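Asker: Annotations per TrEMBL:
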type: REPEAT; residues: 117-150; note: repeat 'TPR'
type: REPEAT; residues: 159-192; note: repeat 'TPR'
type: REPEAT; residues: 201-234; note: repeat 'TPR'
type: REPEAT; residues: 243-276; note: repeat 'TPR'
type: REPEAT; residues: 285-318; note: repeat 'TPR'
type: REPEAT; residues: 369-402; note: repeat 'TPR'
type: REPEAT; residues: 411-444; note: repeat 'TPR'
type: REPEAT; residues: 452-485; note: repeat 'TPR'
type: REPEAT; residues: 494-527; note: repeat 'TPR'
Amino acid sequence: MTIDPSKISSSITPFAMIDKHSALPQEQEILFTMHTVFRIVEITQTPSNSRLWEVQLTITDESDPQLSTLTNRIKEEISGRRGYRMGKLMLKVGHLDQAEELYDELLKGASDDRERAFIYYQLGWLKDQQGKYQEAVKFYEKFLEINRKTLPADDASLANTYNNIALVYNNMGDYSKALKYYEKSLKIKEISLPPNHPDLALTYNNIGLAYNNLGEYSKALEYYEKSNKIYEISLPPNHPNLAISYNNIGEVYRRMGEYSKALEYYEKSIEIKEISLPPTHPDLAISYNNIGGVYDSMGEYSKALEYYEKAFKIREISLPPTHPDLAGSYLCFAAWYERMGDYTAALKALQNAYKIQQKIFQEGNPAFASTFSWFGSVYRGLKEYSKALSYFERCLEIARKTLPEKHPYLGLDYSNIGDAHRLMGDYERALAFHQKALNIQENVKCNPLDCATTYINLGETYREMKDYTTALTYYEKGLKIREEKLAKTHPDLAVIYHHMSKLYFSTQKYSMAMKYVQQAVEIGQEKLSSTHPHLVEYRETFEKIRKKQKNSSLAVFLLLSGGL
């Protein structure tokens, strides 16, 4: 009866890498000011004004090896004429609007196709960062149009553009087309670059991203690890691209349900970013969001909220109000409120996310699928089952158009639709959709907890059909997976314990019913608020079983004493 938090749109997505435009390999601890260089020791927010920060500095000089490496790398990456250098620097530090104004002026004064092509390339990257994906493709195509006049289609200089076009298609949800362009880029780079070149690592990373989005997690991990191996050899240990690589490996493990490994890699990533990026950089927000997602999956809801709020604070400051990552944050809040049983607050957060997505995405974009799925979950919590079913079906409609037929997300969608049919009393359809879910989940590499959810939903369906033997079989399958994968106090365990208590109550095995409902109540009291609908329900079932046990004991006593 849960929805995988990996379906929270862009809020919990792996990082793609963009050639020659990754974040500067700068240290947060270095500050340039008026020909003097300081090392930043500590940055703290002032208690009297949340918009002011206190910075503790110590002076450094040219003998600092880290400073020397940094300045040489900056000079290399922003080389060119003055206006063009300024534009590159603005892009690297995230000043997108100012960079756009500058490039628009430079475009007006461009003297030849070479200059225009360069500006189109930079504007393509900028529009992608702004979430204006159709405009990004348009500028990249203009760049290619100019270069195709003089270069062959497999020229080494075009590899980066193919890579970046692929990234835009990835952001638009067209993962197959993204993979096509990534492979064009890889074909060129494998010929033109040495085997340990960072640009080759970048393309391996992005092919991993495409496979991850297509639900082929083993292939995704294969390419991510190829990329990571090169980066660990060729880059300094605090380079942002290495942080991205660790993040992406963490993301695959999260989707596979390996939460401890996911957290390990996410923390490696955040350790680098907190050193090398400014505290308001959007990439830092994505890492905070991803760590929040893992804690959410682990049932550590307070920690999840802490990281979601960190991410949202950065995004609110650094991104335009219609950026898709802001919608992603609202989806995370919606997921958190849904878990807390505050369905009204969840609905409000979902509406905020949906308003943003409607402004920036075309109808049918995959981003809407996760939003519709969460709408379905919230309306299910509100017991508005026909609305829930409608949203789950809208989610499935998009997923079928954009994902392979065996994608793990389709398994989740089928399971959710089956559960909605159960709640509406249509057991035949419920069983049919759950079987569709299992046809995927039992035959592809996916998160085993997704399969556990379907087993439990099937158990509920059979219990309501009074086929208690079959129900118990599916409950036990789901319980085995959850007990292996989740902490002993995870709220999702309370859910299955409660279901089993109801089954044993129906079969008049009251001691077993009491055993399981007590476990559900104990977890609920530790992890949920006292007014959470699940905990309220667990307590009601507990009282119902307790009274039945009391009455049964009294009846036995009277029978034995001759009172009946």
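Placement of Cβ uses the backbone N, Cα and C atoms for every residue, glycine included.
TrEMBL entries are annotated by machine, without manual review.
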Asker: So which residues does the repeat 'TPR' (117-150) touch in its own chain, when a touch means Cβ under 8 Å and the partner is 6 or more beyond its ends?
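Answerer: Apart from its flanks, the repeat 'TPR' (117-150) reaches 18, 21, 84, 87-88, 91, 96, 99-100, 103, 106-107, 110, 157-158, 161, 164-165, 167-169, 171-172, 320, 322-325, 360.
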Asker: Could you give me three numbers for the repeat 'TPR' (411-444), the DSSP helix, strand and coil residue counts?
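Answerer: Looking at the repeat 'TPR' (411-444) with DSSP, the answer is 28 helix, 0 strand, 6 coil.
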Asker: For the repeat 'TPR' (452-485) and the repeat 'TPR' (285-318), check the count of CB pairs under 8 Å (sequence separation 6 or more) and say whether it reaches 3 or more.
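Answerer: Contact between the repeat 'TPR' (452-485) and the repeat 'TPR' (285-318): absent.
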Asker: For the repeat 'TPR' (117-150), what's the model's average pLDDT?
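Answerer: The answer is 89, the mean pLDDT of the model over that range.
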Asker: For a three-state summary based on DSSP, what are the helix, strand and coil counts in the repeat 'TPR' (285-318)?
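Answerer: For the repeat 'TPR' (285-318), the helix, strand and coil counts are 31 helix, 0 strand, 3 coil.
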